[in-house]
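Enquirer: Can you keep this structure in mind? I'll have questions shortly.
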Amino acid sequence: MKHNNSYKLSFVHLLCVLLLTPLICSQLDYRFYDDSCPNLTRIVRYGVWSAMSNDTRMAASLLRLHFHDCFVNGCDGSLLLDGENVEKNGLANRNSARGFEAIDNIKANLEKACPATVSCADILAIVAREAVYLTGGPFWNVPLGRRDGLTSSQNAANQQLPSPFESLENITAKFTSKGLDLKDVVVLSGGHTLGFAQCFTFKTRLFNFSGSGKPDPALDTSFLQSLQNACPDQADSDTKLAPFDSTSSKFDNVYYNLLMNNAGLLQSDQALMGDNTAASLVSYYSKFPYMFSKDFGVSMVKMGGIGVLTRQDGEIRKNCRVNN
């Protein structure tokens, strides 16, 4: 058993060297908490399982927290900070980002087991992996050792987070600015295999696409009808929910199958089919779910290395909502 584990870790290290930037590999360590918090994974997994058992939307929400944290000035747990002009209040997070209480509970349990040891940024990274794994998705080793940032900016969130209304060109530019590429856009968009979207994020596609007074012509007709029934053209439907796909609580490749049939929920989802390279990847993942799972783990590790604070930078928060 020891031999197998050593082989796996050696293989993971090789992947780190081959696939990721040397910066990420040198700063973060897969075994960072092996001695200081040996029960870390067990505690986090139980916390995620417990949160998911009480809320079918929670897996998607927890995965999204890590993404939204990393894309705003790096993976530093700044999304979790409370305050007035903080990331939580950004347009993409306000009344939308959720799962903070689950993070609070996990952090509290870790503080009991390993006081002042595990950063909130690392908790978000592990939680995202567990949310995917517990819904039938891939397991990947998470490099650890991030420290928590001291500031959080609402303006930065508004500027740096991709929007469901943006063009693929703009979204790709935001990914590129973080060291990611078009393949990562396609792969990480596959995270929409989990969860729901509020009607206001796609309702213009149903009734007034690009100010035309008509639906988005790219939408499949039967899919359009079902969405119009779920999200009627009235203000009180804005916060109603629609699933990204028919298996919203299971991590699979159905999302890509829907894109192939012009049934992507968000404008930014279906936009993937308007680019030849992206569309080829969508087709590939719709046919080969195993490759989607493998590549998703790789892209998540890449994303998890954006702008990390390590060593003496930042701090290890005792409470994820406030600085020490």
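Including glycine, each Cβ sits where the backbone N, Cα and C put it.
Note that TrEMBL annotation is computational and uncurated.
Since the structure is predicted, the reported quantities are computational estimates derived from the model, not experimental observations.
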Enquirer: Which of GLU84, GLU87 does TrEMBL put in the same Ca(2+) 1 site as ASP69, VAL72, GLY74, ASP76, SER78?
Expert: GLU87
Enquirer: Of the residues ASP238, ASP252, only one is listed by TrEMBL in the Ca(2+) 2 site with THR193, ASP245. Which is it?
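Expert: Candidate in the recorded Ca(2+) 2 site: ASP252.
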Enquirer: Going by TrEMBL, which one of CYS75, CYS114, CYS120 is joined to CYS37 by a disulfide bond?
Expert: CYS114
Enquirer: Which of these, CYS25, CYS75, shares a disulfide with CYS70 in TrEMBL?
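Expert: If we follow TrEMBL, the cysteine bonded to CYS70 turns out to be CYS75.
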Enquirer: With the disulphide bonds as TrEMBL has them, who is the partner of CYS199, out of CYS120, CYS231?
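Expert: Among CYS120, CYS231, the cysteine that TrEMBL links to CYS199 by a disulfide bond is CYS231.
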Enquirer: Can you tell which of the recorded positions CYS37, CYS120, ASP245 lies nearest to ASP69 (Ca(2+) 1 binding site) in space, using Cα positions?
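Expert: Answer for the nearest of the recorded positions: CYS120.
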Enquirer: Which recorded positions (CYS37, HIS68, PRO162) fall within 10 Å of ASP76 (Ca(2+) 1 binding site) by Cα distance?
Expert: none
Enquirer: Please determine which of the binding-site residues listed here (ASP76, ASP245, ASP252) has the lowest count of neighbouring CB atoms within 10 Å.
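Expert: Result for the binding-site residues ASP76, ASP245, ASP252: minimum number of other Cβ atoms within 10 Å at ASP252.
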Enquirer: Here the recorded positions are CYS37, CYS70, VAL72, CYS231; which one has the lowest number of other Cβ atoms no more than 10 Å from its Cβ?
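Expert: If we count Cβ atoms within 10 Å for the recorded positions CYS37, CYS70, VAL72, CYS231, the smallest count is at CYS37.
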